[in-house]
Amino acid sequence: MYNLARQLLFKLSPETSHDLSLDLIGAGGRLGLNGLLGKSAAKLPVSVMGLEFPNPVGLAAGLDKNGAAIDGFAQLGFGFVEIGTVTPRPQPGNPKPRIFRLPNAEAIINRMGFNNLGVDNLVSRVEAAKYRGILGINIGKNFDTPVERAVDDYLICLDKAYAHASYVTVNVSSPNTPGLRSLQFGDSLKQLLEALSLRQQELTQRHGKRVPLAIKIAPDMTDEETVLVAAALIESGMDAVIATNTTLSRQGVEGLPHGDEAGGLSGAPVREKSTHIVKVLAGELAGRMPIIAAGGITEGRHAAEKIAAGASLVQIYSGFIYKGPALIRQSVDAIAAMPRTAS
């Protein structure tokens, strides 16, 4: 059924089909119809960040930026749902067109630029949702906020999202906000992590609960840079790392229509690059911090490969666009079929 729907949706522009799909998933959630597609999603409980996940396969941020279809996505069988990226103030993002499909490569290039309705709007939608499962809220900075003041934007979003999130993801790796990726390195990263950790402690006291913080990183780092990031995350006491965001590389899409468009590349071509980052992180973190793997999962076995590389959870986005809800069950089943390691 999804193959037919995809054929129809792919006749529309990528952003139009994205918006229509979000509307349909949201409507299905309100009517309770999406469970007909996701009812067979397996249970494979896992405890990560002190949270109990019904299965380790989640929706990556970016598909539902404003929390418009939380209930709908949850009913499809995801073990957790991450919404955003959201910024303190609403912003329109980059000019259209800004999403491009590369179906021959099972890939997408986007340069959305954190288009969203603002954190206050997102919080109101979370409050209106019926979903009580694991919800991540992904936060970023406004386009016109100078990088040297980015910490302020993250703290504003953290303050407002904290009480409504199971965990909060700090996005310092989108390639579509100028200067953002510089926050992954050196003193900029250290200062950001210190500020977030301190505010997390304050909010824990204020709300009587500790909400874990995850940092989402890029796939375009060297091994040496990845090792330094891992050390900074451990030192600051962050709770998890998400590996990875989209890539600036065009390996695997050379010569394809739209392959040279500006923006972040996601889908199958980023898989090996992202999985390599997971492996490097796993070696450095040595179990001290969980890894959430995202990037290039288009078949169930790819999810299992991420777990084998050292991840505790996985997320899908582009693969969901190309394969539909069936990919959720396939990914859970593939992980469940993995050989058990002695503890």
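A Cβ is built for glycine as well, from the same backbone N, Cα and C atoms used for every other residue.
Cross-referencing Asn34, Asn104, Asn171 against the FMN binding annotation in Swiss-Prot, which names Ala61, Gly62, Leu63, Asp64, Lys65, Thr85, Asn138, Lys216, Thr244, Gly267, Gly296, Tyr317, Ser318, picks out Asn171. Checking each of the recorded positions Gly113, Asn171, Ser174 against Asn138 (FMN binding site) by C-alpha distance, the shortest gap belongs to Asn171. In sequence order, Asn94, Arg98, Asn176, Glu261, Ala262, Gly263, Gly264 are the residues near Arg111 (substrate binding site), counting only same-chain partners six or more apart with C-beta under 8 A. Around the Cβ of Tyr317 (FMN binding site), 22 further Cβ atoms fall within 10 Å across all displayed protein chains. Within 10 Å of the Cβ of Leu63 (FMN binding site) there are 20 other Cβ atoms, across all protein chains. The separation of Asn171 (substrate binding site) from Lys216 (FMN binding site), Cα to Cα, is 5 Å. Largest CA to CA distance in the substrate binding set (Lys65, Asn110, Arg111, Met112, Gly113, Phe114, Asn171, Asn176, Asn245, Thr246): 16 Å, whole number.
Per-site Cβ counts within 10 Å over the binding-site residues Lys65, Lys216 peak at Lys216.
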